[in-house]
Amino acid sequence: MIDRDAVIAVLDAISDPRTGQGIVASGLAKGLTVTSDRAGFVIEVAPGDTALYAPVRDAAEAALKAMPGMTRVSVVLSAEAVPAPARRGASLSPAAVEQGRPKAPVPTDRPAHVRRVLAIASGKGGVGKSTVAVNLACALSARGLSVGILDADVYGPSLPTMLGLSGKPGYEDGAMVPHEAHGLKAMSVGLLTQATDAMVWRGPMASQAITQMLTQTRWGTSEAPLDVLVVDLPPGTGDVQLTLIQKTPLDGVVIVSTPQEVALADARRAHTLFEKVGVPTLGLIENMSGDIFGRGGARAEAERLGVAFLGELPLDASLREGGDAGRPTTLAVPEGVVARCFAAVAARVSEALKL
Ligand SMILES: Nc1ncnc2c1ncn2[C@@H]1O[C@H](COP(=O)(O)OP(=O)(O)O)[C@@H](O)[C@H]1O
Ligand SMILES: [Mg+2]
């Protein structure tokens, strides 16, 4: 039997690098759940702090796993979306959108030779948005479609790691040439700049860079158009997201959430934002679904919102390992639970996008 106080003592032996206090005492460990043989919690940090706290997550996971009788441990590191920066420019503020102002005009800068643009969004970071984007792109590609993936997550571009990409994109006849990885055409904001400071990507510059990657990249040609471009959007519902959503010609969005109520509330806000600008939510995916964080929350939320529930993705160590190694699990273990889940999601998304 695992004792809750013993779990807290183990966690408080690990210190929060910001405060120096134990991670429970400092309030860093949120939503601690302890059952007879399992434990899990969430570490929620500012977007710039994920690298600082990744070792804390790893240490907590290792320490809990070492407790006798512990069969399963889950520590999720989640980044809050950045509050909207002060900004000039003409785009609507989220508040204005909430008040039901007119819908944004249909963007005119559709990328050439791209049949559909599919966005992957989430209310907050760390919920598995990029994991879903990459694996869903692979599953769509496995259906015989020609697929591109654009990492537009200015707060934490993760495609370079998840697909094993490096180096700037090529440049030919006035257009950027995307990288090729695992049969996908890929571009990432993370490959365009050496700057590690997310600040440079705030506001108009971020949306300009992303519009450029969308429209000035040779995703397809007239002989060989791209069937679908999967866009990994920044998490949250701030101004950067809004500008992007308005400027990007999206045919549909898939929203990723973990089962906890806080994450679901953010997923709901994301859905509302897309709805207001006229982008259809193709459905919700529940990630890190399981008995530690609960399960079924996203399914119930999808029902409440009147959108499709696309499936649940279990907590699966191979997903993190595959991501870190640049080898998507869907391809590495094509008969596994994860690959089957994404194959089903890909089938539904293809149908919804008429691919
Ligand atoms: N179902 C899962 N099981 C285990 N680890 C996961 C799962 N989904 C995501 N992860 C891991 O959690 C971390 C955050 O996921 P990521 O896809 O980068 O989130 P986001 O793009 O929303 O910030 C990554 O290390 C990833 O490998
Ligand atoms: Mg990401």
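The backbone N, Cα and C atoms fix where each Cβ goes, and this holds for glycine too.
Worth saying up front: this structure is predicted, and the values here are computed from it rather than measured.
What TrEMBL says about this protein:
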BINDING   G123, K124, G125, G126, V127, G128, K129, S130  ATP binding site
DOMAIN    4-75  domain 'MIP18 family-like'
REGION    88-109  region 'Disordered'
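Everything TrEMBL records as a feature, shown here on the structure.
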residue : record           : Cβ neighbours (10 Å)
G123    : ATP binding site : 25
K124    : ATP binding site : 25
G125    : ATP binding site : 26
G126    : ATP binding site : 24
V127    : ATP binding site : 26
G128    : ATP binding site : 24
K129    : ATP binding site : 27
S130    : ATP binding site : 26
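For ligand 1, the binding-site residues lying close by, meaning a CB under 6 A from one of its atoms, are G125, V127, G128, K129, S130; the full candidate list was K124, G125, V127, G128, K129, S130. Apart from G123, K124, G125, G126, V127, G128, K129, S130, the residues listed for ATP, the same chain places the Cβ atoms of S78, A79, S122, P235, V256, T258 within 8 Å of the centroid of those Cβ atoms. Per-class residue totals from DSSP over the domain 'MIP18 family-like' (4-75), listed helix then strand then coil: 28 helix, 20 strand, 24 coil.
Among the binding-site residues G123, K124, G126, V127, G128, no residue is identified whose Cβ is positioned under 6 Å from ligand 2. G126 (ATP binding site) carries neither a helix nor a strand DSSP state and counts as coil.
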